[in-house]
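Structure, as structure tokens:
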Amino acid sequence: NNLPGTLWGSRNAKMAADLGELLVPYMPTIRVPRTGDRVFKSECAFSFDSPESEGGLYVCMNTFLGFGREHVERHYRKTGQSVYMHLKRHVKEKATGAAGGAIPRRRNGKVFLDLELNRDFNGEDYEYEDEAKLVIFPDHFEIPLPNIEELPALVTIACDAVLNAPSAYKKQEPESWEEEIQVSRHARSLRQLDNGVRIPPSGWKCQKCELRENLWLNLTDGAVLCGKWFFDGSGGNGHALEHYRETNHPLAVKLDTITPDGADVYSFEEEEAVLDPHISEHLSHFGIDMLQMQKRTENGHHTDNNSRPRVSEWEVIQESGMKLKAVFGSGYTGIKNLGNSCYLGTVLQVLFSIPDFQRMYVGNLQRIYDYSPLDPTQDFATQMAKLGHGLLSGQYAKPPMKSELIEQVMKEEYKQQQKGVSPRMLKSLVSRGHPEFSSNRQQDAHEFLLHIINLVERNSAGSENPSDVFRFLVEERVQCCQTRRVRYTQRVDYCIQLPAPIEAATNREELLAYEAKRKEAEENMRAPPEPVRARIPFTACLQAFTEPENVPDFWSSALQAKSAGVKTSRFASFPEYLIVQVKKFTFGVDWVPKKLDLAIEVPDFLDLNRLRATGLQAGEEELPDLMPPIVLPEDTRGTTSPEIDEAAVMQLAEMGFPLEACRKAVYYTGNMGPEMAFNWIIAHMEEPDFAEPLLLPSMMDPGPSTSDSPVGAAPLGSSPPEESIAILTSMGFPRNHSIQALKATNNNLERALDWIFTHPEEEESDAVSDMADTEPNDNAFSNANSHSDSTLSPDRDTTGPRVKDGPGRYELFAFISHMGASTMSGHYVCHIKKEGRWVIYNDHKVCLSERPPKDLGYVYFYHRLSSS
């Protein structure tokens, strides 16, 4: 703003005459937003500045990107784009006088920013005044809007279009369907029969069949009947619909969705989900008190209100009973919940508490911003840096001023001080094209963590890669039970999954007694007993993790036949940061991942050194390096279609996965049923050829029976087809690198290309010597791999993956906890230890933790202890 005063002074006089002329040179750069153009007028691409910020927001009239005061110059220097619309929203507290609750006064006839700004909290108490002007760089000429008389028509049209454009995310995220649900026309006039029907609080089953899932209560006559499979993907015989056809009673409510906040209602006559504003009266007619229908607890039973209420995990995890002290400043900024986005917020809070992520994104902020592409909203590094800076700068977590606090005490009102930053731009970028993360539904935080690590890997090829801190090598030892011979292979991993062996619970008797009571209550249609939480010692989980497991479909190269095999896994290297996920979820009858209700006393300090891999031991004999013969099933010899259980395929396809992926999942899990196939899908979703058609095994692509064979799965020593190598070398990739890429990806050209880009070529190609160089302290590593290149897992280049090995002694520094019955619902919060104190991050609220619920976590994060 250090512009000569005369310029500002003479501006008004010159304005009217020169406006038209002033804009002439820039006319070619001013665009009218077309459909498909996203107009970013609620937030800066590089920071969390908005029209409410002190400097307002500048929207480029050519790209429609938004920039805060500090960042607009950079865009101008980079693009030479001179004309910006400056938006400023002035927020005033409403004067409540005689007009008490006056409607906000809106200048210009409208508040033209349909923005999700920081006024989320009691927005009624404020009035807004929005001001817009065109600003021309570099001289900062300002033209107030609207200004129809003097402005060329095109400019007026462009300005109007920008002001009226929907927020940039409206187009991308189709509104979640709840918003479109209409009130049923039957809701007000619904006649309910006085037939004395009373519905118990649980233990329901369909009146025409024995189903206990997906049950709907007809609001006219109280009939409890099963739905049809399409209501929400769970099974049913359609008896509720049949009942409607016989009786014409139009509305039904889904029984296990009733909470104090509402319930899912379906109208058979209108054929859609509807709202019933009178739902609580309609339910009380059948003896259901909505307020008594507590939020369901973890294992799907209602808490019983009359007995001594058990403190639910919701209260414990969020530390609700306590008056928690809010903290402010750098590293104590919350992340706003965009609606079921807390899985993302908790993961990013933990990542940005790790120095390597802070250095990579926030330490390099200027460089990342200066080299960002023309559309920074689509650049992963820029958006990570933006969020990291938002969390660590302290700019968005300032403590309230003393005067504000005094004023609040005087007025006896406590306003929400912490606002947090909104992760909308980053979420929309990292979830683009992902069927689950791009929706507005709740997701699995652990899956999202792996998704983010994957993106970090892909986007830091050739530069520092902060996710190196999580990467470690697992040594898998497979033994043929008949010949006792062994094979050692290594694979890369980022996280250990700890089984939770219920049979090791310390309160086993209590659990068995509860289970018996629950069954009895269900059979007699009585309220279920108070749930009992299984308490499992951490040592039992670790023990279960180290136990040998059976290898399904094991082919022994010593016997050259199928045989029994067992596999044990150990750490070939220990990561700097260890992620431990507790396997708390299993699949229920209705295909929804259900949560096991368990508490595990997770230790603050962890020593895993005894789990370090040993490599081939003296006296152990290795299995010969042979591939299983390729056997095509008899009946498919002449044909090309493998035997696939189509019913299982359809069941998966109905969950929204691509048909080809479902076929592959069922095929590769040996028709073992939909649950196994579902696990395969979850494990392979990120792969580039996930939705490509199933290719039948041929010489170069061994089938599913190679589960113990080296991971590369191309016959040892054989070289990929010449034509594939030729295609890659013709694109300018070195021959050696191309062969490696094809070997690592089963000769799939498209994946090989992907592999080349994610594995930049290294100078030396001698796998073993390189590994010995990078890992001098880990002889097990190079021994295990010295015999063959193809025991490397497919995503490794010849230098071996970068691992930061060291002692396996750790201290807990963060954990993410989940509340609710399944990963598809509920809420996440995280606890992080900062400056020696535990802090709870619950969406935008950041407070000192009084009693961190370490026993109820879902994903735990440990940091290696420096060897002293």
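Glycine is treated like the rest: Cβ placed from N, Cα and C.
Look at TrEMBL and you will find Cys206, Cys209, Cys226, His239 tagged as Zn(2+) binding site. As annotated by TrEMBL, domain 'USP' applies to 333-865. Summarising the annotation, TrEMBL assigns active site, nucleophile to Cys342. The domain 'UBA' feature in TrEMBL is assigned to 643-684, 719-759. Annotation comment: TrEMBL describes 695-722, 762-805 as region 'Disordered'. The annotation compositional bias 'Acidic residues' is assigned in TrEMBL to 762-776. Per TrEMBL, the feature compositional bias 'Polar residues' maps to 777-793. Look at TrEMBL and you will find 794-805 tagged as compositional bias 'Basic and acidic residues'. As annotated by TrEMBL, active site, proton acceptor applies to His827.
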Nearest of the recorded positions (Cys206, Cys209, Cys226, His239, Cys342) to the residue listed as 'active site, proton acceptor', judged by Cα-Cα distance: Cys342
Chain-internal residues near Cys342 (active site, nucleophile), provided their CB is under 8 angstroms and they sit 6+ positions away: Gln442, His827, Tyr828, Val829, Asp843
Cβ packing number for His239 (Zn(2+) binding site), 10 Å threshold: 21
C-beta crowding around the residue listed as 'active site, proton acceptor', within 10 angstroms: 19
Those binding-site residues listed as Cys206, Cys209, Cys226, and which of them has the most Cβ atoms within 10 Å of its own Cβ: Cys226
Tally of DSSP helical, extended and coil residues in the domain 'UBA' (719-759): 29 helix, 0 strand, 12 coil
Rounded mean pLDDT for the residues that make up the domain 'UBA' (719-759): 81
Additional residues surrounding Zn(2+), by Cβ distance to the Cys206, Cys209, Cys226, His239 centre under 8 Å: Lys205, Gln207, Lys208, Glu210, Leu211, Leu215, Leu225, Gly236, Asn237, Gly238, Ala240
